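Q: Below is one structure. I have some questions about it.
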Amino acid sequence: MELKIGVIGIGAMGRDHVERINERVNGANVTAISDINKDVATAYAKEINATFFENAEDLIASEDVDAVLVTSWDPTHEGYVLETIKHNKHVFCEKPLALESSGCTNIVNAEVEKNKRFVQVGFMRRYDRGYEEIKRELQTGSLGETLLVHCTHRNESVDESYNTPMAVENTAVHEVDALRWLLEEDFVTAEVRLPKKQTTRTHPDLHDPQLILLETESGTVIDLEVFVNCQFGYDINCKVVCEQGEIGLTNPTYYSVKTERKDSTRVPSDWKERFISAYDRELQLWIDGVKQDHITGPSAWDGYMASVTTNACSEARDSGKIVDIKFESKPELYK
């Protein structure tokens, strides 16, 4: 039986997920969409043979929608997720789960009250083969204790709507979740350094690059470079330094070119190219989980922990100080 999915928000990410559900993964199709741009959304609904709902709450309540996917404007996420939980439907929400950790707490409390997990957050790094292999190797213990982690998150360029806070809240949040999952422990302190020397490719509202430093409960130190105007492509790196070795990501190799005594390989252009397989696996496993009424992907609690950490990073950036990361006790539902 095909799962009927309603999608709220049909910007670049929303349309990418609609195409993924209708054309690349199995067991579901998009039956309803909602977006603030009525004319565009109405035309798109006809194109994909779905029903357009001007009011997203009506989409959530519709009997023609079994589960909801939220890819709308960030400030709307919390409200739509809470509304979906109220209707006892599963919901996949792209990050952030809410703008502030208090909003994530509201969602966690709503699930705890019903004693059931309805929410999955779109932290797709967990479904990337490279990250999965690193986690498997670390779990064997063959490399000894983890000491340091070096990461980069580089984009070829961003437009002038991208500002300094977004480097933490919209970009680094992916590493925040992926590293907490990889290392299987939480972060205790955050520091953000804003180098005096910046790229000439930036603009007045964006400090670029930025350096984020995190420390875990066991004392592992992480440095994360966020450089969103690097000019050469979408470059994601993660190297874990252990007592007896190092393990890290390699970029997927699409092809290499040898000419004039040079050997070069392609750097992905953007997130869609680099992580397309991870996005596909993420949605397929979510659909399978919803059908079984048992989802196992990143939870509302994971969304809360990511928010607590990025909020601390933002405070550290603005204050210039090392900030302690404080979080609530983990409810039994998520253990």
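Every residue, even glycine, has its Cβ placed from backbone N, Cα and C.
Take a look at what TrEMBL says about it:
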- 3-123: domain 'Gfo/Idh/MocA-like oxidoreductase N-terminal' (DOMAIN)
- 135-324: domain 'Gfo/Idh/MocA-like oxidoreductase C-terminal' (DOMAIN)
Q: For the domain 'Gfo/Idh/MocA-like oxidoreductase N-terminal' (3-123), how many residues does DSSP put in helix, in strand and in coil?
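A: The counts are 57 helix, 26 strand, 38 coil.
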Q: Limited to the domain 'Gfo/Idh/MocA-like oxidoreductase C-terminal' (135-324), I'd like the whole-number average of pLDDT.
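A: Here the predicted model's pLDDT, averaged over the domain 'Gfo/Idh/MocA-like oxidoreductase C-terminal' (135-324), is 96.
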